[in-house]
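Engineer: One structure follows; several queries about it will come next.
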Amino acid sequence: MAEGSAAVPSTELLEWPKKDKRRFLHAVYRVGDLDRTIKFYTECFGMKLLRKRDIPEEKYSNAFLGFGPEESHFVVELTYNYGVTSYDIGTGFGHFAIATPDVYKMVEDIRAKGGNITREPGPVKGGSSVIAFVKDPDGYIFELIQRASTPEPLCQVMLRVGDLDRSVKFYEKALGMKVVKKVDRPEYKYSIAMMGYAEEHETTVLELTYNYGVTEYTKGNAYAQVAISTDDVYKSGEVVEHVIQELGGKVTRKPGPIPGINTKITSFLDPDGWKTVLVDNEDFLKELK
């Protein structure tokens with residue numbers, strides 16, 4: 001072995017992400033007016049405000065909203081930085097998605113409350129799923145998807161990537177996700193891979209989109225990251241480091257406790273620069289209490 005090269009990881013270590021207890025915890029992004037966004041999400045989307053905190057010494061506030069308790073549901077974590085009223089969403093972030101039994105009714109309710117409908121409800125091109133698109137007050141897009149019932153209404157985070165095969169490998173190996181659906185649409189020049197920890201209608205998925213010939217996107221400064229739970233931040237971090245050596249990416253925070261909170265986390269960027277934070281399961285539940 002060449003001097004300075006990394007030791008070959010054990011099969012047991014590389015299998016760890018698939019055996020670990022993982023789920024999507026929250027998506028973190030920045031907004032220009034916290035109360036305005038809370039009002040829009042609760043009144044138009046039917047989300048609940050789960051908790052809110054103000055950290056004046058750090059000059060920011062945040063709020064957690066979703067369709068059920070954080071112990072069991074995926075939620076959004078909104079961050080307001082004092083004095084910053086707008087952000088650049090960039091070209092890479094796509095949308096969030098909400099599943100609802102009646103897209104037409106939801107759109108009418110949102111319209112009545114002054115919401116911005118960017119695509120009227122109706123079937124997808126070449127398919128039967130009924131969808132619509134809505135823009136929130138900060139410009140984030142939400143896809144509304146018609147589903148009879150679902151345990152997780154906040155069901156997608158869509159991000160654009162420059163090499164779909166590379167991204168799929170990264171999320172399989174580094175995060176233990178599986179491809180739950182893959183669609184190639186040559187007539188519209190794009191491919192998507194839905195990735196997650198259970199079937200698409202049961203849980204939240206990451207929708208990775210590749211537009212033919214586009215290898216890079218701007219990240220902006222609005223969308224921050226997704227957080228995912230793990231039973232062992234240190235072991236998970238070790239796997240991530242090995243996968244980054246193979247496929248690209250960057251560790252942005254080594255595994256360890258956050259000062260003052262003591263919740264153990266690690267964070268990293270995927271090969272396209274999208275950030276994930278892995279959070280210790282037990283520490284996360286303690287934090288909620």
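Yeah, the Cβs are placed from backbone N, Cα and C, and that goes for glycine too.
What TrEMBL says about a protein is an automatic prediction, not a curated fact.
Feature list, courtesy of TrEMBL:
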DOMAIN    23-147  domain 'VOC'
BINDING   Glu77, His95, Glu143  Zn(2+) binding site
ACT_SITE  Glu143  active site, proton donor/acceptor
DOMAIN    153-281  domain 'VOC'
Engineer: What does the DSSP secondary structure composition of the domain 'VOC' (23-147) look like, as residue counts for helix, strand and coil?
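Structural biologist: DSSP classes over the domain 'VOC' (23-147) add up to 25 helix, 57 strand, 43 coil.
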Engineer: My understanding is the cutoff is Cβ-Cβ under 8 Å with a sequence separation of 6 or more in the same chain; which residues meet that for Glu143 (Zn(2+) binding site)?
Structural biologist: His95, Phe96, Ala97, Ile98, Ile131, Ala132, Phe133, Gln156, Met158
Engineer: Give me the long-range Cβ neighbours of Glu77 (Zn(2+) binding site): same chain, 6+ apart, Cβ under 8 Å, in sequence order.
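Structural biologist: Correct list: His26, Ala27, Val28, Tyr29, Asn62, Ala63, Phe64, Ala227.
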Engineer: Note down the number of other Cβ atoms within 10 Å of the Cβ of His95 (Zn(2+) binding site), including every protein chain shown.
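Structural biologist: Step by step: centre on the Cβ of His95 (Zn(2+) binding site), count other Cβ atoms within 10 Å, giving 19.
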Engineer: Of the residues in the domain 'VOC' (153-281), how many are helix, strand and coil by DSSP?
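Structural biologist: The counts are 31 helix, 57 strand, 41 coil.
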Engineer: Could you tell me the mean pLDDT the prediction assigns to the domain 'VOC' (153-281)?
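Structural biologist: Across the domain 'VOC' (153-281), the average pLDDT comes out at 97.
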